[in-house]
Structures are given as C-alpha cells and as structure tokens.
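Engineer: One structure, pasted below without further comment.
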Amino acid sequence: MATNFLTKIFGSRNDRLLKQYRKTVARINAMEPDYEKLSDEALRGKTQEFKDRIAQGESLDALLPEAFAVVREGSKRIMKMRHFDVQLVGGMALHYGKIAEMRTGEGKTLTATLPVYLNALSGQGVHVVTVNDYLAGRDAQWMGRLYNFLGLTVGINLPQMPREEKQAAYQADITYGTNNEYGFDYLRDNMVYDARERVQRGLNYAIVDEVDSILIDEARTPLIISGQAEDHTALYVAMNKVVPLLVRQEGEADPRTGEGVTKPGDFTLDEKTHQVFLTEQGHENAERILASQGLIPEGASLYDPANITLVHHLYAALRANHLYHRDQHYVVQNGEIVIVDEFTGRLMAGRRWSEGLHQAVEAKEGVNIQAENQTLASITFQNYFRLYNKLSGMTGTADTEAYEFQEIYGLETVVIPPNRPSKRDDQLDRVYKTTREKYEAAIADIRECHERGQPVLVGTTSIENSEIIAELLNKAGLPHQVLNAKQHAREADIVAQAGRPGMITIATNMAGRGTDIVLGGNVEKAIAALEADESLSEADRAARVQELRAQWKLDHEKVTALGGLRIIATERHESRRIDNQLRGRSGRQGDPGSSRFYLSLDDQLMRIFAGDRVKAIMDRLKMPDGEAIEAGIVTRSIESAQRKVEARNFDIRKQLLEYDDVANDQRKVIYQQRNEILDAPDLGVLIDAMRDDCLADVVRQYVPAESVEEQWDLAGLEKALASDWQVSLALQKEVEGSDAITDEEILEKVQQAAREAFQAKVGQVGAENFTQFERMVLLQNFDTNWRDHLSALDYLRQGIHLRGYAQKQPKQEYKREAFELFRQLIDQVKNEVTRLMMTVQVQSSAQLDEATQAMEDRGEGISNVTYSSPTETGEVETVADAATAAQPAAAGVRVGRNDPCPCGSGKKYKQCHGKLA
C-alpha cells in the first residue's frame, strides 16, 4: 500500500528513467538544425572527431547527444528514415547496459544503430547478436549502408565461414552474427593450437536482439562442441525391441499409503519435465527381459557397475518411444531424424539431441543410427554473455521476465512507450470442452474474416497443429498459406504479405520473427522484384511501380477499415511472453487489430495445469456441447498456470547456472592458462615449475618430509626415477658417504639432476625449436584432460541429487567433488607433461619438428566435430561441422565467393556479405 502511494507521488523507476532520458532527447533535437546544414563529408568527419576526443579521455556518455544526432542525420540521408524520440530513448537504454522493451513494429533495428555507432567509436568492437543467420545478414546489409556512410566498417559472422573471413568480420568496428556462432567462436578460440588462428578480439559490448529468446528461452542448455564416441548401434536397436514389452503405469502411488495407482505398470512418464522413471516392477521386468535377450547375465542387476550404460540406453529408448512424437518433436526426412524447434517451428537440419536420445529415436524410426559424441568444450549462454564488458538487449516482450534479467544478468528492463498508442483489441479467451469444438469455432471465425476481406494470422504451437488447421481449411475451401518448419526458407516473404486483404496465414509460433506484417501487404518487396527485372524498360517499370503503390494504398485503406490484422491462436503457449509476441504481430505503430485465443480442455497446458479448475466451472454452469466459456476468471486461471510454468523454468535455468558457475570458474582457469601457453615466447619457467612439483611428489613417496634416514626407501626412489623419469642418480652411495644429509637435500639433488638431464636434451636441438614442441605437449595434455574432466563433471552432476537422500546438500557436494576432480586434472597434466618431457628421445631438430607437427595434427584432427546448441524447448541439438562431418547431408555449407549469399538476397556472396566480410 505504502509502495503504491509513493509510486503515485514520485513515479515508478521506469517513469523516472524515461524522464531523465527525455531531457537528453531535447538536447539531441536542439542539435538537429545544425547537423542538417553539414555536408556529407563534414557529417562523416564527425566520426574521426569523436574518435580523437575519446583518445584524449572524453567518455562515451559525454559524446552521446552529439553521436545520436549524427546517426539520426545520417539515417535521414541514407535510409530516408528519421529516428523517433522514443527510438532515441530506446538507444539510451541500450547504451547504458539495459534491456529496452519496444513493441513490434517500433523499429528496434533502427534504434540499435544509435548505441552501436556510439560504442563502435571506442575501436574495441561491437557485437550485434540476432536469433538467426537471415536476420544477421539482413540487418548487416540494411544498416551497413548507414555505418559505411559514417565511416565505420561492418562484418558479418556466418557459420562455416573460412577462418580469414571470420577474423576480418571480428576486426570490423561492428560485427553481426547469431548467439550460437559467437559462443562457438569463443569455444573454438580456446581450442586452437596457434595463437594466429583465434578469430575474436575481446568481448567489449554486445546488443542482443530478441534478448528474451536468447538469454531466457535458450539458456537452459549449454553450447557444446563434441567429437565422436564409440559406437553402440546394436544396443540402441536391442533396447528399442525391449520398450514394447514394458507397460506404462497409470496413476501415481502415494509415498505413505502406496495408493493412487489405477493400473500397475513398469514405468511412469512426467510430461512436464520430459522424463521417464522405472517402477519397482519395471526394474524386475526389465532385468528379466534383458537377461532373456542375452544383454545381461542371468540374475544380474540393472545397477551392477558393468550394466550402468544399459540403464542409460533403456531410459533413452523409453523417452524416444513415449515422449518424442513424429511431426511434433521431429520429422523423418531423407532417412534422417530432423528435429523441429517447438518454439519457432523451424526444422533444425543437421542438429542432434544428446545423451543418446537422438540415436534412440533413430532406432525407433528404423533409420541409420549415427554414433554418440564426447564433449570437447562447452559454455552456457548465461556465462558467455556475462564475459562482455557491457551487455544490453531489446525485445517486444521482456517485462514478464524482468526479474530474471535482473537476477541472473544484472540487466534492468526499461519499457519504452510506443510512438503511437496501440489500438489492438485483445479479446477474452474462449474455452471449449473438446479439441473438435475449438477447431470448429476457430474455422468459423477465420471464414467470417476471409469473407469480409480481413487478413488473418493463425498461430499454432507445433507443426502438427498447423497441419491440422491447414487440413480443416482445405476441407472448408478456404485458401491459405502455411508458414512452418517445412517452408522456412520463404518465411520472411510469406510473413511480409500476410497483411493483404483476405489473406489467411498459418504460422507455428514465432516463425518469421523480425519481419513486419504491413497492412495491405509489403509493397516494397514487390517493387524491389520489379526493379530487378531487366526485361522492362524504364518507362514500363515506373508505370508498374505507380500501379503497385496505388493498389497498395487501396488495400491498406480497406484492411484498416475492416479492423486490421486478426490474430487467431489455437493454443496457449506455456510462456505468456510467447503469446504476447504472437499478439504483437497485430496493431503495429498504432494500426488497428484484434486477437483471440481458442482453447480446449484437451490442450497440453490446460490438461497439465488448469484443466480441472476450468472443467469444474463448466460443469457447474452446465455448458452444452459447442458452447464456450468466455470469462475473465478463466483467462486469469490460465495465466496463473502459465506463471507456474514460467517460475518452474526460471528455477531450472537458475539451478543450471549455479551448477555451471562451478565449471565456469574452472573453465576460466584452463582457458587463461591455455592462452598464456599460446602467447608465451618461452615456456621454460612453466615446464621447470611443473617438473619440480611433480618430482617433489615422487620423492615424498619414498623420502617423507621431515623424516629420518631409517624411513627412507632410496633403492625404490632410484628405480622409479630411472624407469619413469629417465633420471639416473646413485642416492644410496651419496647418503652412505655423507655424515648428514636431509630429506630436503635429497629433493634438491633429484630436481637438480632432472633439470640438467632436461637441459642436455634441449641443448641437442636448441631452445627455440624445443619451445614449439613444449607448447604442443602442454596444449594437447590440457585439452585431453579437460575433455575427460567435462565428462566426469557431467556424470557427477547426473547422480549428485541422490546425495539428498543421505541428508547432504547436493550443490555443496557437487562443488566439493568438482574441486577435487579439478585438482586431480591439474596434477594429471603436470605428471603427463613432465613424464613426456623427461622420456622423449630427440636426436635432431628435424625429428622434433616432425613430432610437433604430428601432435598438432592429432589435436586438430578430431573426427566428426559437432556443435550442440539449445532451442527454446531446452533440448540439446547438434549440427555437424562441414570440415569434419562424416555425413555430408548433415554438414553446414561453406560459402564460396560466387555462391548465392546465405542471407537470401539472391546476390552472389562476393557482391553481398562477402563485401562486408
């Protein structure tokens, strides 16, 4: 109550920030007449003037009003677009490291040019992060004209680009790319064997477009680079045959009474978490079936150490058969399982689920089974983006997740008011008893809109649902276009024309995101196609363009009069934010529009979270079939269910971060050490320190510290030094011929002898030649042991929750054991490097060069490298590297200079983004 009272007097934090920013907007507006008088050269010259002032110590904050005024003027001249005042406000929020929430159609791409230009003046690089390659390419080309006019360089970072082009892209003042590609480049830079092969040059400032999608939806799973592990093909096939012999249990047993099971079975499913669990009966049946098939010995337990991998494969097979469904979670295409991104509905060609799930689905569908992978490097988006000196982001829907942005990333959300208030009518949800009734009502609404010429966008949560609606529209004789994973190459064009009169467009969730739906259709695309037609004369082209513009004006007025774009959704998503994004496609920049959700009690969200409550209301009201309930209480009940899911997902992401923070601290140490090894001109000091530490451990096994002579085993020490470390010392003779010798002196003698033996080896080929060999040995040992360590951490984490049964805190146990594993890793590296350095026999520098090259080739030649990145569903999906992929169909495309540009412009790469790179 007191808080509300104070907010009324002083305004909210958001109001106060906007008030502060508007004062700066007034200063920028006051400069506009002066900048309008400048010639193009004088305006461009401002960039160098600003750089000089920064070099003399002036801050970016002090330059902000002038820099923003320059960008606005440049945009007016080059783009024929003037930044609105609210866009200047959004630009300030981004510059100050905040998240700017700007509604769809408010011009986020143009807003970003302001802080991008200002921060690029420092010369330390600005990374603009987008959700897909199409948007990265489009924005780099579109806004690149403005940056180039103002004297800044622009690069684009695409997957599978040659290293030299990637380096050029990162050296540019401004770099456009996707979140996954930035993260993978960071990991790859920490896997190189030559410092000159690194592509990134420090992480200075990032602006994340669609920040909610990248930092929240995709933050549950890490980016992973992996190589191929051993083949278990026969096991996946065998496990797939076991699954039909196991029966699903219905109902859940009460832990105290054991009651509640309506039909006993072998396993239970948890649809919320996508997990499967064997019951007591299930364990016994599984063991009996596996024994009968010869997979485990008769009478053996499923949890014997030798059978642990079988449990992993059995669970993967159960999940594949009962929780992952064809045409919803994946499609079968050209004999391969292709994952469907449930948020965007796109096909993720070449990507793979991890932990054996993908192979289990392949076995289920009877297609070729490809091998599992071993993790080479990984990082979560939370930890990658927190490496930047400054981070900001923009989206149409961030306010529902403002707490998470603040809690995890330390980012404040600023809600930017629209340039023109929204006129969209968001109608109450209509809830029907059955799916059939829901679809009938939705089709009737679509037909009504189509008959009067109002465009409709139908939003669905999966490909399966979009195909159901497409089929129903076909039966109803209503023409429509489908925008889902199966046609995503054309999605930007389809979305652009979705505002034409009478147009019906079906879209899976946010497919085609980043492209505005203009009422009356996008006339600019049609004009661009005309201008590219060389068969037309100038006069014909001008006449056709005039016709197009006149027709568009009529269409625009007609659609506006009919109420704008109508949004019809057939299911609520588990996140309110995704529903708001769908609604946000309508009513852009003050246009009219309307939206309605048609739901049924059979929908997944309703069934799991809100169905019983709404069903009780319907039963109480004695609703006849075909009648819908439409009331605020129902909509609020559904939103309450969505809040529960959002809270659960936040907890998952927060827990992921708490666990990954442990690995992150270790990752920083390893990567820092690795970079020091790559950059160091001489590694002698590091090698000497490792050898001294290592030999101290060896000596202490035979000659304990502060011990007397009777406790020493000098014969054992001499033997160990000679056989394992190639150090020959007559320690027994020395001790016998000496009156008094301490354990410390023994240690010093051993270390000195090892030092001399090593120096003699270095002397044979020269210190300079030996340094590169040392570098390869160190890097390869760090990499090999780090990979094994990542697998060990993964196994540790999978079972750590069981410590809770022993009244121990799993997170604390994980931290303690992870630290112990890391200590072992460092000791292992020291031992392996020292032993190799002491035992290697090198006769000539040519022989040494050969050995060095062989080690480098072995380190870089990991077979079938794949890149796993998250989708919004939280599952890990994997794309094969074009350079190393065993399956060409799964490989990404390397862009040749004369190939079509991947951005979809239709131009050659060298004439499009090749120029930017």
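Just so it is clear, glycine is given a Cβ too, placed from its N, Cα and C backbone atoms.
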Engineer: From the candidates Gln87, Gln497, give the one listed by Swiss-Prot for the same ATP site as Gly105, Glu106, Gly107, Lys108, Thr109, Asp516.
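Structural biologist: So the ATP site in Swiss-Prot includes Gly105, Glu106, Gly107, Lys108, Thr109, Asp516 plus, from the candidates Gln87, Gln497, Gln87.
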Engineer: Between Gln87, Thr109, which of the binding-site residues has its C-beta surrounded by the fewest other C-beta atoms within 10 Å?
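Structural biologist: Thr109, out of the binding-site residues Gln87, Thr109, has the fewest neighbouring Cβ atoms within 10 Å.
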Engineer: What three-state secondary structure does DSSP assign to Lys108 (ATP binding site)?
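Structural biologist: The three-state answer is helix.
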Engineer: What is the maximum Cα to Cα distance, in Å and rounded to a whole number, among the residues Gln87, Gly105, Glu106, Gly107, Lys108, Thr109, Asp516 annotated as binding ATP?
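Structural biologist: Those residues reach a largest Cα separation of 17 Å.
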Engineer: Taking the centroid of the Cβ atoms of Gln87, Gly105, Glu106, Gly107, Lys108, Thr109, Asp516 as the ATP site, which other residues of that chain lie with their Cβ within 8 Å of it, listed in sequence order?
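Structural biologist: Here the non-site neighbours turn out to be Met102, Thr104, Leu110, Thr111.
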Engineer: Per residue, counting other C-beta atoms within 10 angstroms of the C-beta, which of the binding-site residues Gly105, Gly107 reaches the highest number?
Structural biologist: Gly105
Engineer: Other Cβ atoms within 10 Å is the metric here; tell me which of the binding-site residues Glu106, Asp516 scores highest.
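Structural biologist: Answer returned by the neighbour count: Glu106.
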Engineer: Counting only residues 6+ apart in the same chain, whose Cβ is under 8 Å from the Cβ of Lys108 (ATP binding site)?
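Structural biologist: Non-local contacts for Lys108 (ATP binding site): Gly90, Ala100, Met102, Asp209, Met394, Thr395, Gly396.
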Engineer: Check Asp516 (ATP binding site) against DSSP and tell me helix, strand or coil, would you?
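Structural biologist: The three-state answer is coil.
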